[in-house]
Amino acid sequence: MTWQARIDAALRAREASHSLRRRVVCTPAPGGALVHQGVRYRNFSGNDYLGLSQHPALIAAWQQGAQTYGVGSGASGHVSGYSDAHQSLENALAHWLGFDRALLFISGFAANQAVVAALMQQSDRILADRLSHASLLEAASHSPATLRRFAHNDSGALAALLGKPCDGLTLVFTEGVFSMDGDSAPLADIAGIAQGAQTLLMVDDAHGVGVQGREGRGSCDVAGIRPDLLLVTFGKAFGLSGAALLCSAPMADYLLQTARHLIYSTAMPAAQACALNAALTVIREGDDLRARLARNIARFRAGAASLPLTLADSQTAIQPLIVGENSAALTLAEKLRERGCWVTAIRPPTVPAGTARLRLTLSAAHQDEDIDALLEALYDGCR
């Protein structure tokens, strides 16, 4: 077989199963919207939960940062790419979330990969929720450590795995809010189980931080816990991109020596760090935004209760509607777009076979009429 034959066969298989991914050119717009080919749509497919990607304070902070620092960092943070803007953001994040230190990464994917690669050795084990993010699972598959996945949100299953002997150390990994189902982990139970000098607890709170807890401190604040490692990402509630890992001072110093994704990547632009600092201020003062998002979630769930589809048990901004077959999910998504609602069908392998879904996401930027328009389009599309 040639390389071309292998690639062609893989693409044909994806096409036949209605699982071929294609990108679509979109332009973000204010008010929880986007523009595609000159047409404005209500956007229910993004992760801009508080609408901050269009916030004037963030835009102004980025512009001012670019005037001060330029548009790129020009180097790894280990060389000359670490500015006072980066340091200020790290310090503010650590203070806000109650940790010694914060380390900035170019993405949450890179941060998860870096932690696993830097920490895990052959005698160690990773105990991860079965629905953990692909970044963690991919890193674990390349790690010399043993990966064991426990049943989703099943703290008893985790306890059983922890009860088994291990020659080395253990990393327990879960998420605050799961990206495809929108449900929350039983963090208090998991933290109570994952204790001891030989166990680290890491929580990826990409979809919880900013929208849950006091001042938006996230899922761990709601649960009243502080994990050993906390990942927050900036592509959701913060409205930008990048990520930060919160940890102890010794852990931060260790990762600065060993985390290759951090050492060998160009640092995020200082202007971006300025915008992220502005986003943090808006988030900490954003109770009104979080209340608006909560009202939108409640309005949607009340209206969607009678739909002839399975509505996932989620109280978060992620509201999945389980359709089943790939083709049916694609057809329904297209019907919604015809009604001016931009919705994306999520298909295997991102979700299990037979559970293709519309992953609806709500934002504080949406108004009542946006939610009502989505509900009307869903009822019409299901006829």
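Cβ from N, Cα, C; glycine included.
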Q) Which of these, THR170, THR199, THR233, does Swiss-Prot list as part of the pyridoxal 5'-phosphate site with GLY108, PHE109, SER179, HIS207? A) THR233
(Q) Of GLY108, SER179, HIS207, which is closest to HIS133 (substrate binding site) if I measure between C-alpha atoms? They're all binding-site residues. (A) SER179
Q. What is the maximum Cα to Cα distance, in Å and rounded to a whole number, among the residues GLY108, PHE109, SER179, HIS207, THR233 annotated as binding pyridoxal 5'-phosphate?
A. 14
**Q.** Candidate with sparsest Cβ neighbourhood (10 Å radius) among ARG21, LYS236, the listed recorded positions
**A.** ARG21
Q.
Using Cβ atoms only, which residues of the same chain lie under 8 Å from SER179 (pyridoxal 5'-phosphate binding site) while being at least 6 residues apart in sequence?
A. HIS133, ALA206, HIS207, ILE318
Q: Give the sequence-ordered set of same-chain residues, not counting GLY108, PHE109, SER179, HIS207, THR233, with Cβ within 8 Å of the centre of the Cβ atoms defining the pyridoxal 5'-phosphate site.
A: HIS133, SER135, ASP204, ALA206, LEU231, GLY235, LYS236, ALA243
Q: Measure the Cβ-based neighbour count of GLY108 (pyridoxal 5'-phosphate binding site), defined as the other Cβ atoms within 10 Å of its Cβ.
A: 25
